[in-house]
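Trainee: Dumping what TrEMBL says about this protein:
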| type | residues | note |
| --- | --- | --- |
| COMPBIAS | 519-535 | compositional bias 'Basic and acidic residues' |
| COMPBIAS | 542-552 | compositional bias 'Polar residues' |
| DOMAIN | 93-509 | domain 'Major facilitator superfamily (MFS) profile' |
| REGION | 513-552 | region 'Disordered' |
| TRANSMEM | 139-156 | transmembrane segment |
| TRANSMEM | 220-244 | transmembrane segment |
| TRANSMEM | 250-269 | transmembrane segment |
| TRANSMEM | 338-356 | transmembrane segment |
| TRANSMEM | 368-392 | transmembrane segment |
| TRANSMEM | 399-415 | transmembrane segment |
Amino acid sequence: MAFNDLLKQVGGVGRFQQIQVTLVILPMLLMASHNTLQNFTAAIPAHHCRPPAHANLSKDGGLEAWLPRDQQGRPESCLRFTSPQWGPPFPNGTEANGTGATEPCTNGWIYDNSTFPSTIVTEWDLVCSHRALRQMAQSLYMVGVLLGAMMFGYLADRLGRRKVLILNYLQTAVSGTCTAFAPNFPVYCIFRLLSGMSLASISLNCMTLNVEWMPIHTRAYVGTAIGYTYSLGQFLLAGVAYAVPHWRHLQLLVSLPFFAFFVYSWFFIESARWYASSGRLDFTLRALQRVARINGKREEGAKLSMEMLQASLQKELTRGKGQASAIELLRCPALRRLFLCLSMLWFATSFAYYGLVMDLQGFGVSMYLIQVIFGAVDLPAKLVCFLVINYLGRRSAQMASLLLAGICILVNGVVPQGQSIVRTSFAVLGKGCLAASFNCIFLYTGELYPTMIRQTGLGMGSTMARVGSIVSPLVSMTAELYPSVPLFIYGAVPVAASAVTALLPETLGQPLPDTVQDLENRKGKLRRQQREQQKHMVPLQASAQEKTGLQD
């Protein structure tokens, strides 16, 4: 409890914590915008083939003479007639007036620009034979998120949270702006990948820097505030995308604010807990005294000295300046247990989440309304999660959210396809539970890993989440075997993962561990408490048996 006592001495939750936490959380408003931006910038409007350059529409009988129809009577998107047809349009390019041969759209496409005046799809013709490129762009963004979580998580443990955040804000601003001016599709993909790398690190460092500056009893509030800010960002994206439908303008609008974030991030104060864990006691003292002045506790800050910190933070100082590497997550038994269990939780949450998001595309309403619904579902779910986290514990919240999400998805697998209202209701409930799971796993992971490797652990957890988001679309292909197979898989994984939480310790009201030894001490303390409880239970059972014997 030494460091927590130092935080209380310099003001607890004072002016500094209120200002810095707010400024660090603020960029999370635009995290949702970037993560789901391609729903709008890569939207596919209705389209059909452009007639040949030599076509005379007034003589040929209009544009309809060149367009074959599908089974629903709509113009084919990827085919046109080789010659104009003057009879009634027949579906699937069947013969009309004796001829009806079709060919691909060699002269390009005509798009319906009424809803989306410009997207990357319409600008670079990512349709028909090139439609896979649209998904590749989003996959490359997710690859960037995966790489960023691994690389910047490690750098944050080596260089500090503040320096990495400053770099990430600048990288997001520059790469996002360059994306808006990309001259071609390959350049667009490169800058989207770079944006994904930096945005992954921003979300991880946002949680870590805030948690390490807050007292124990306020950490759940910080995690919930970050989750709600992300949810509000989903509402923001729906409004901004509706007001600015041109993809380049929308991309630019959600990227330019990161230049402002980059400027004010220079005023952040580095985590004193990280300084102490790095053996830099002089910087620890300087940071705590600066925070004390901002919180109006100048006298308390003046009482701090190097000798006092050496006595209070002895366990951090015994580590010297060494830093744990990612390989320690597998080498050390205590860390290996955490790593394997948390990896399962991260993977299951992301895997089921993206599986549900793919299944929620059939609302039959506009994309803007769908975006609002996605955001609205998160609000009550995260409120319930916050209450459970704060009063019942992190482990209970994590277990319940994954278990309920899995059950909702499994139930959807047996509900008949025709009952769309019931299926949609269960899907929305499951999505809300998974949003709550994401909210909890960020906080839970940050509290379980020791300071020496906390950011690396968060980075590896986020990496497993990205693996889940990449694997999830592949599972949807099993629908060819049976329509409900993907839902059974999406539901079974979080149910199985919920059982893994029983192997993790509870962190409610516990101080943040700084070293691996802290983890061992926590485990030993729990074992002693269990033995004491068992000792107390034996006399009680004997007393109950004696009373039963006397009554007989």
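Placement of Cβ uses the backbone N, Cα and C atoms for every residue, glycine included.
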Trainee: Grab the pLDDT values for the domain 'Major facilitator superfamily (MFS) profile' (93-509) and give me their mean, rounded.
Mentor: 82
Trainee: Thinking of Cβ pairs under 8 Å, which stretch from 220-244, 250-269, 338-356, 399-415 has the most of them with the transmembrane segment (368-392)?
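Mentor: Looking only at 220-244, 250-269, 338-356, 399-415, the most contacts with the transmembrane segment (368-392) come from 220-244.
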Trainee: Out of 139-156, 250-269, 399-415, which stretch has the largest tally of CB pairs under 8 angstroms to the transmembrane segment (338-356)?
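Mentor: The listed stretch sharing the most Cβ pairs with the transmembrane segment (338-356) is 399-415.
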Trainee: Sort out the residues at least 6 away from either end of the transmembrane segment (139-156), same chain, that have Cβ-Cβ distances under 8 Å to it, and list them.
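Mentor: Same-chain residues near the transmembrane segment (139-156) but 6 or more away: 38, 164, 168, 189, 192-201, 204-205, 208, 325-326, 455-463, 466-467, 469-470.
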